[in-house]
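Copied over from TrEMBL:
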TRANSMEM  A:21-40  transmembrane segment
TRANSMEM  A:60-77  transmembrane segment
TRANSMEM  A:116-136  transmembrane segment
TRANSMEM  A:148-174  transmembrane segment
TRANSMEM  A:181-200  transmembrane segment
TRANSMEM  A:228-250  transmembrane segment
Amino acid sequence: MKQYLSFFRIRFQTGLQYRTAAIAGISTQFVWGGMEILMFKAFYEASPGAFPMSFEALTSYVWLQQAFLALFMPWFWDAEIFKAISDGNISYELCRPAGLYEMWFTKNMAIRLSKAVLRCFPVLIAAVFLPAPYGIMLPGDIQGTVLFLLSMLLAFGVVVAFSMLIYISVFFTISGQGIKMISSCLAEFLSGAVIPLPFMPDGLRQLAEFLPFASMQNAPLRIYSGDIAGAAAWQVIALQLFWLVFMCAAGKLLMHRALKQVVVQGG
Amino acid sequence: MKLYLHYLSIHVRSAMEYKTSFILTALGQFLVSFNVFLGVFFMMERFNNVKCFTYSEILLCFSTVLISFSLAECFFRGFDMFPSMIGNGEFDRILVRPRNTVFQVLASKIELTRIGRLFQAFIMLGYGIIKSGIKWDFLRVLTLVLMIVGGITVFAGLFIIFAGLCFFTLEGLEVMNIFTDGAREYGKYPVSVYGKTVLTICSYIVPFALFQYYPFLYLIGRDVPVWYCALPVLTAMFLIPSCLIWRLGMKKYQSTGS
């Protein structure tokens, strides 16, 4: 456990060094959030009745999404891992006295978390001070907040566990380009990064809500805004837990298989 | 021009050396913008219209922005990659060659993988043209062409500005991506959708509305003066400040020494 913690610390601290990049990120997130909300406002004005969630819930969703982008962005990959697999550096990693799966998992968590820590606060603080329907609403009750935090944690885990599956698949395919692309596009759309899931048509929406992608940003963001509450929230969290356990187990199993037959090609 | 064609053929041939990689990247470009399209599709299906624009009209607007952005990114990618060019001293090599610097940076990179995005844009354009019921006459076709050319001009101007600023900062200014990526991302809806403030900014500061909004109104037959269709021509003025910044930067340029 100790070695993973220090792994986490090293990665986390390296990530914190990139401050200029973070400033660029923050300003982008502001503009994106603002434009997104203005866009939804136009649709809201077109026909409020067709709006599947309350406008305040939507704005909170958008701001949280922008603030915690780094935790949930499905198109972010650790290039080092792909490189290690294809150029044979994996053999060094295998010499370390730590489980490869756990090591990569913590590494990924640390990178995403360091990015998020640098970026989330300015966005959140500004969003709190924006006038009523456009800003982020404060969390309602204690129960909702606890559920939100729990769901956030699980969503983060699901995102990392999912990307682990993709990393591991590269053991079998060597080039990760294709699978990386398709999986991040699928995950982006089905996790509600393009439009929140409630805006999707019936049928697709029900299907999407059951898929693991809905256990990513969709779950905590909608729980926060009260779009999912009470018993439904518990159900969503249970589903998140299921996908997390399932994907970790699948990942470990696949990794075990892959490492049995790993061939380091010279280099 | 002949030299540029020669560069072009080199880039095409080098891209074809790695066919799988080329196809996959192009497919990736397609998929990413396909996600955006799906978003628009589901929103329009639910709401039918936004600020009185119908689905087919939105697609027309979206496709012109996407076409101009892809073409600009395809041919002006050299300026986009300029920070690394300065950083690794590649630019010093350009300076010693007896050709115009802008031309050489322009020709240094041609990103053909943008064809994936272009492909999607043309499909949407086709659909928009068929479904929107526009009565096409010569002036309207001209407007459409002008919109696309104007779009390429604005994006090219932006790329040159970023590159010009790199002379001063010596590193990439990621903040600037707000304008290019933002326009690609949010140009899917006519600018007026985002309200008055955004429309003003996009008319007078960064002239997105000049090619995306005003001529578009004329194109879809809204009640606007005919001269709106000539507005994309004005985007050429945007090249003046961008070239000035480039010149200024060139004068100040000291090599990074690597």
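Just so you know, the numbers here start at 1 and follow the chain as drawn.
Glycine is treated like the rest: Cβ placed from N, Cα and C.
Cβ atoms under 8 Å from those of the transmembrane segment (A:21-40) belong to residues 55, 58-59, 62-63, 65-67, 69-70, 115, 118-119, 122-123, 126-127, 134 of the same chain, restricted to positions at least 6 beyond its ends. In this chain, the transmembrane segment (A:60-77) touches the transmembrane segment (A:181-200); three or more CB pairs sit within less than 8 A of each other, excluding pairs fewer than 6 residues apart. When each of A:60-77, A:148-174, A:228-250 is scored by its Cβ pairs under 8 Å to the transmembrane segment (A:116-136), the top-ranked stretch turns out to be A:60-77.
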